[in-house]
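Enquirer: Summarising the annotation, TrEMBL assigns domain 'ABC transporter' to 4-87. Here TrEMBL flags 247-455 as domain 'ABC-2 type transporter transmembrane'. Among the features that TrEMBL reports, transmembrane segment is placed at 265-286, 298-318, 339-366, 378-400, 407-426.
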């Protein structure tokens with residue numbers, strides 16, 4: 001449950017977005033549902049705290065995180081709530097607080113069913129009914145207090161100084177037989193190891209036989225027959241949020257996450273600026289002779305290729321988004337279309353910020369033509385490359401769902417596309433079957449190095465445009481609208 005929590009949101013924000021994704025109706029109604037869930041799980045003191053912490057702020061303790069995960073399900077106001085191991089990894093105080101909180105929920109008419117491997121005496125006393133299972137067989141099902149009598153009838157009474165839950169676990173867990181085998185020649189201070197001296201296999205068989213012949217088993221069978229014969233009420237769907245609402249919510253939620261999560265885009269922005277300064281200063285002062293054409297194309301190719309490679313730093317955070325989506329999609333709180341649109345729309349502002357800040361530095365450092373329309377085209381072209389790369393990352397991470405495999409695959413894809421982009425060897429000279437078709441056409445780097453807006457002087461009499469200088473060297477289309485076709489291709493790729 002905890003792995004799908006969004007650490008960069010506060011408890012109230014997280015529950016509110018969960019409610020909006022799941023419930024139909026007005027936003028004000030959903031706010032009241034969220035406040036009820038916060039009150040029910042005793043999260044009032046933590047409502048405005050970030051779940052996972054931020055920068056130097058500490059996140060919620062494990063007990064509170066578990067309660068947030070349960071509160072997320074309460075916004076649907078369920079009649080029955082299944083919880084797997086609600087006390088897992090909690091200390092005794094947090095476990096007791098969790099159980100008291102869950103006990104309060106039953107007064108609202110919600111039935112709670114959860115699994116436990118072990119519990120303290122205080123927690124055990126809060127159960128209404130228990131079901132003891134061993135290897136898939138029912139050893140007892142009924143009132144909690146009746147379980148003690150059931151064990152006594154089977155010949156396994158609970159010792160006076162022992163917790164009932166520990167005694168039940170000892171009797172039905174076959175792992176204790178291995179402990180007995182290890183300790184059979186070991187004696188404690190009292191002369192024997194009587195605390196575990198019980199044949200678990202015999203105890204399980206005896207308890208199962210005793211339960212099957214008891215009145216509790218007969219009462220359960222009678223209850224099951226009566227319930228199956230009776231036709232239950234028709235459950236009506238409470239409805240769900242529309243796709244438009246989900247897209248809007250996921251977009252805004254992703255914007256919040258991206259703005260607060262330093263590793264998402266802010267770290268990449270810093271890395272991009274450092275890389276841009278490095279490339280720009282290395283390729284600065286080229287002049288405007290014809291010989292500088294190749295050098296400037298090299299600078300553009302390095303800029304586009306290396307910044308795309310640096311984007312792989314966002315894979316771990318993107319992996320979190322995929323896990324959250326998988327959890328929400330399995331519960332029908334979201335869908336692939338809503339998730340993709342949310343990711344696309346929320347990433348655009350950050351990618352545009354990265355593209356315009358990096359392009360402004362790079363463009364003038366390498367001495368491209370000082371003309372606003374050409375600068376804006378450069379920014380737009382680079383932005384589209386980043387958008388295509390973002391989609392490629394999302395596709396690969398969704399496919400593997402593993403950081404190591406995703407990073408390895410992305411690096412391999414980028415290297416292959418760089419080789420086929422038409423820089424190292426002109427596209428018309430590449431081997432046809434694979435490198436020209438289809439690799440050179442699906443390499444987004446190709447559409448970034450085919451246009452260069454700068455004049456190069458030839459001698460002192462005349463000059464030719466950058467397009468004329470590049471046309472023969474890099475196999476660029478002579479049509480005037482070819483550069484806009486490049487942008488269109490990148491857009492369709494994205």
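A Cβ is built for glycine as well, from the same backbone N, Cα and C atoms used for every other residue.
Are these features on the surface or tucked inside, and what touches them?
Expert: Residues 258, 292, 295-296, 298-299, 302-303, 306-307, 310-311, 313-314, 347, 350-351, 353-354, 357-358, 361-362, 365-367 of the same chain sit 6 or more residues outside the transmembrane segment (265-286) yet have a Cβ under 8 Å from a Cβ within it.
Residues 246-247, 249-255, 258, 264-265, 268-269, 272-273, 276-277, 279-281, 283-284, 286, 296, 299-300, 303, 307, 321, 325, 329, 375, 378-379, 382-383, 386-387, 390, 394, 494 of the same chain, all 6+ positions outside the transmembrane segment (339-366), place their C-beta atoms under 8 angstroms from a C-beta of that stretch.
Long-range Cβ contacts of the transmembrane segment (378-400) within its own chain (Cβ-Cβ under 8 Å, at least 6 residues beyond either end) map to 304, 307-308, 311-312, 314-315, 318-319, 322, 340, 343, 347-348, 351-352, 354-356, 358-360, 363, 368, 406, 409-410, 413, 444-445, 447-448, 451, 453, 483, 486-487, 490-491, 493-494.
Non-local neighbours of the transmembrane segment (407-426) in the same chain are 297-298, 301, 305, 308-309, 312, 315, 392-393, 396, 399-400, 435-436, 439-440, 442-446, 449-450, 473-475; each lies 6+ residues outside the stretch with a CB under 8 Å from one of its CB atoms.
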Enquirer: Mind checking how the domain 'ABC transporter' (4-87) divides into helix, strand and coil residues in DSSP?
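Expert: For that range the per-state counts are 43 helix, 7 strand, 34 coil.
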Enquirer: Do any residues, 6 or more residues outside the transmembrane segment (298-318), come within under 8 Å Cβ-to-Cβ of it, and if so which ones?
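Expert: Distant contacts of the transmembrane segment (298-318): 261, 263-265, 267-268, 271-272, 275-276, 279-280, 282-283, 358, 362, 366, 382, 385-386, 389-390, 393-394, 397, 403, 406-407, 410-411, 414, 418, 421, 423, 444-445, 448-449, 452.
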Enquirer: Pop the mean pLDDT for the domain 'ABC transporter' (4-87) in here, whole number is fine.
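Expert: Taking every residue of the domain 'ABC transporter' (4-87) together, the mean pLDDT is 86.
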